[in-house]
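Annotated features in Swiss-Prot:
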REGION    1-57  region 'Disordered'
MOD_RES   102  3-methylthioaspartic acid
REGION    118-137  region 'Disordered'
């Protein structure tokens, strides 16, 4: 336990918060072939592999994911939300931050209804997150 005098001389430092999705905070200058500090809310990428993964211990399912090479040349695993999808290799997708708690190594989500990703068919509630248009009736 430090004394008051020690704290006056050298105050406590607050910890710097690390990003939950660090790959979105890096750009790539292809002309200079170097990374830049470029924060972005989403990034475009190309699917290199689409598959399923089993979740951690108490849960059981086949969760859909895609391995995506982003525009800054970094590869990440991204979760495909919703029921059914049209993604395959070489599909162009939009990736946002947000981890999936029971899938190890998946820290990103694919945005449904953007670029090559279709929205979820037959979805009536919570359509905004799944890229579904308003039904005509």
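Note that the numbers count up from 1, one per residue, in the order the chain is shown.
The backbone N, Cα and C atoms fix where each Cβ goes, and this holds for glycine too.
Computed from a predicted structure; not experimentally measured.
Non-local neighbours of the region 'Disordered' (118-137) in the same chain are 81-86, 111-112; each lies 6+ residues outside the stretch with a CB under 8 Å from one of its CB atoms.
Note: the region 'Disordered' (1-57) comprises 10 helix, 20 strand, 27 coil (DSSP; helix = H, G, I, strand = E, B). DSSP assigns residue 102 (3-methylthioaspartic acid) to coil, not to a helix or a strand.
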